[in-house]
Amino acid sequence: MTTQAAEVAKRRTFAIISHPDAGKTTITEKLLLMGKAIAVAGTVKSRKSDRHATSDWMEMEKQRGISITTSVMQFPYREHMINLLDTPGHEDFSEDTYRTLTAVDSALMVLDGGKGVEPRTIALMEVCRLRDTPIVSFINKLDRDIRDPIELLDEIEAVLKIKAAPITWPIGCYKDFKGVYHLADDKIIVYVPGHGHERIETKIIDKLDSDEARAHLGDLYDNFVEQLELVQGACHTFDKDAFLKGEMTPVFFGTALGNFGVDQVLDCIVDWAPQPLSRATHERNVEPTEEKFSGFVFKIQANMDPKHRDRIAFMRICSGKYEKGMKMRHVRLGKDVKIADALTFFSSEREQLEEAYAGDIIGLHNHGTIQIGDTFSEGENFGFTGIPHFAPELFRRVRLKDPLKSKQLRQGLQELAEEGATQVFFPERNNDIILGAVGVLQFDVVASRLKEEYKVECAYEAINVWSARWIECDDEKKLKEFQDKAFENLSVDGGGHLTYLAPTRVNLSLMEERWPDIRFRATREHH
C-alpha cells in the first residue's frame, strides 16, 4: 500500500447531527477527550461563566450557548485520524448544516433518550438521505429518565425510514442505570457515575449468564434477561453493507455527560464507517487515492480570530496530498495560486499545516476571492457537484439606520452572503435590499455581525415574499419575454443569478403553469 493509500485508509470524516439540547456539544467534547485532545472536557454548564465549550466560539454563540457556526476538529484515535465536523445545533441553521453534510463520509446522530426523534433531526436525516450517508446512532442521557428503548428504536424506523440495529442495550436508567450490554460480544460494560471529565478504564463483565453479572444487576437481572430475549427476537441484526448504503443504523446507548458509551461509538466509526469516498465532478469521479490534489470549499467563515479580520474558507480534500507551499488551481477563476499557510483546526486553536490527505478539512485564508462551492485542483479543470444553495423560507427588507453607510452595508452583506450566513437579493424595480434565510436566528446573526464587523446598524421590515426560485431557460427570447412580464417580482441574488421572488404559493403555481419553458429551481448548485 502506498503511503497515500495508507493515509486515506486511516481517515474518518464525520459530522454530528441532532436536535438542539440533545447533548451534541457534550458528546463533541467527550470525543475530543477520547482523542486526548482536551485534557479536561469543560462541561457545558460552565458556559455561563468564563469557560466556554471549546467548539462554540463566536460572540453571539457565547451569549446564547448554541453552536451557530460549524467548527472542525481533528484528533488521533487508535492509529486513525478523526475529522469531526460539528454542525450548528440550533433550529435555524440548516443551510450551513446542509453544506457541512456534503463534506463528510458518515454522520453520528445523537438523540435525547427522553424525547426520541425531534423535528430538527428529521430535517437533517433527509439531507443525509440525499447522499445515502451512513448513520451511527447514539441514544443519550441514560443518567436521566428515558423512554422505553424498544419504543425509541421503533420511532427511528417509522419516522426516519431507516432500519435500527442495537449494538448495545441499556440496563436500567436514571438512578438504576447499571451500564449497557453488548449484544454481539455477550459482555456488560459497567457504568460508574461521576467521571464525566476524565478517561477511566471501563469495567467489563464477561457473559450475562455469570454470577458476576447477576450480582451487578441485582433485582434488575430477571427482567433484563426477559427484555433482551424480546429485543433479540424483534430487532434487526447489524449488517455492515446495509449500513454503508445508508439503509441501517447501528444504535448505541449511553450518557455523554457521564462520559459513558462514547468510546463505543468512536470504535464503531473507526471499525465500520467508510474511509474517504470518491466524489463526483461535472467531468468524472475523483478517487481519494489519486496522486493529484483536489478539493472543494463547503463553508466560509469570517473572523475566526477576533485579533485578525480574516475569513477562512473550509476545504474538504478529495484526492492527493496538500503540502505546504504547493501550487493549486482555483478552477472558477482559472488562476494558479500558491498556498503556504493552510490551517488545520484543533477546536479554536489554529495551527499551520505541513501536509494533509483526502478526507481532511483544511482552512485557506480568503481575501474575498474564494466562494462556497469553489473547486481547487492540481491543474485539472473540473468542478465538484452536490453543494447546493437552498431557496430561503423567510425574507426581510433591510433598512439602514445611517443612510451614509450604504456602501459598507452592501460590502458587509455581499461578504456574509458569500460565506453562506444569509442570501441577499437586489430587486430589479427599486433599490431595496432583501435578505433571505432558512431560520429567524440568521437575521439576528447578520444584524449583530454587521454591527460588530462592519460598524453598520440596520433594521428589518416585513416583506411580502413567500419563497424564492432561481430562473433557468434555454430559449433567450422566451426568457426576455418572461423578464418583461414578471419584472415586478424579479431580483438578482448575491451571485448575480436571476431570481423570482414569489409573493404567495398560488402565485408561484400560476407562474409555473403560465411559463412552461421557464425552470423555477428551489436549489441552485454553486458554480
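Using N, Cα and C of the backbone, Cβ positions are placed for all residues, glycine too.
Marked as domain 'tr-type G' by Swiss-Prot: 9-277.
Sequence annotations record features per position, and here Swiss-Prot assigns GTP binding site to 18-25, 86-90, 140-143 based on sequence analysis. Take the CB of Ser18 (GTP binding site) and look out to 10 A: across all protein chains shown you find 23 other CB atoms.
Sequence-distant neighbours of Leu142 (GTP binding site) (same chain, 6+ residues apart, CB-CB distance under 8 A): Gly113, Pro170, Cys173, Tyr174, Phe177, Tyr191, Phe253, Gly254, Thr255, Gly258, Phe260, Gly261. Of all Cβ atoms in the protein chains displayed, 25 besides its own lie within 10 Å of the Cβ of Thr87 (GTP binding site). Neighbour density around each Cβ, counted as other Cβ atoms within 10 Å, peaks among the binding-site residues Asp21, Lys24 at Lys24.
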